[in-house]
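Novice: Checked TrEMBL, it gives:
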{"type": "DISULFID", "residues": "Cys24-Cys148", "note": "disulfide bond"}
{"type": "DISULFID", "residues": "Cys57-Cys170", "note": "disulfide bond"}
{"type": "DISULFID", "residues": "Cys122-Cys149", "note": "disulfide bond"}
{"type": "SIGNAL", "residues": "1-17", "note": "signal peptide"}
Amino acid sequence: MVSVTLAVACLFAAVSAAASSAQCDFGGPFQAYKSVNGPGNGGYYLRKTTKPGTPECAYVLVPQNTLSEGQSTSFTYGKLQNGQMIQLTATVTVNGDKIEVTGAGQDLSGTTTVLFSDYRSCDVMRGPDGNYELWVHSSAINLQSYGCCDTKFAQVAGGRPIHHTWQTYCPPLPRQ
């Protein structure tokens with residue numbers, strides 16, 4: 001009886017995973033400007049990454065100026081430092097599925113590729129150093145699941161160690 005129950009549970013899990021993946025459109029191309037603009041307000045926390053040593057509570061705020069394809073603007077980003085969310089600025093340029101960040105130091109500067117986005121609550125990226133990142137909008141950060149973003153992140157991260165950079169003690173995002 002236990003083996004039958006286990007077999008049914010495994011079959012259900014496999015069918016659920018296949019159905020979940022089938023509902024996700026990973027084909028792209030994904031538009032960087034839509035990803036950066038997000039829902040138009042708030043910001044994104046770096047929820048998890050394959051990059052070791054990433055600061056806790058890392059975030060980016062949605063730019064004050066709505067971007068279109070090929071445009072650049074300044075944006076605010078930061079991390080938790082000594083119990084406070086520090087604010088730094090850099091410049092972002094968007095082209096196709098590429099986000100080019102300049103003026104942010106070696107941790108953030110370079111070209112990031114949008115691998116998947118729902119353009120509302122989450123994005124999966126390949127950072128400038130080749131590591132993978134799951135960014136989650138501040139309005140969705142407390143959800144237990146990020147749907148297709150979780151699926152895509154698990155797919156690209158493979159067996160690499162995952163670093164959970166957002167924790168429940170991360171303060172709210174600063175205001176612009």
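Glycine residues also receive a Cβ, built from the backbone N, Cα and C atoms like all the rest.
Locate each feature and note its surroundings.
Specialist: Taking the Cβ of Cys170 (disulfide bond) as centre and 10 Å as the limit, one finds 18 other Cβ atoms among all the protein chains shown. For the recorded site, Cys170 (disulfide bond), the DSSP three-state label reads coil.
All chains included, 26 other C-beta atoms sit within 10 angstroms of the C-beta of Cys122 (disulfide bond).
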Novice: Restricting the comparison to the disulfide-bonded residues Cys57, Cys122, Cys149, Cys170, which residue's C-alpha is spatially nearest the C-alpha of Cys24 (disulfide bond)?
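Specialist: Going through Cys57, Cys122, Cys149, Cys170 one by one, the Cα closest to that of Cys24 (disulfide bond) is Cys149.
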Novice: Can you tell me the CA-to-CA distance separating Cys57 (disulfide bond) and Cys148 (disulfide bond), as a whole number of Å?
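Specialist: One finds 22 Å between the Cα atoms of these residues.
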Novice: When the Cα-Cα distance from Cys170 (disulfide bond) is computed for each of the disulfide-bonded residues Cys122, Cys148, Cys149, which gives the smallest value?
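Specialist: When the Cα distances are compared, Cys122 comes out closest.
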Novice: Just going by other Cβ atoms within 10 Å, which of the disulfide-bonded residues Cys24, Cys57, Cys148, Cys149 has the emptiest spot?
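Specialist: Taking Cys24, Cys57, Cys148, Cys149 as the disulfide-bonded residues, the minimal 10 Å Cβ count falls on Cys24.
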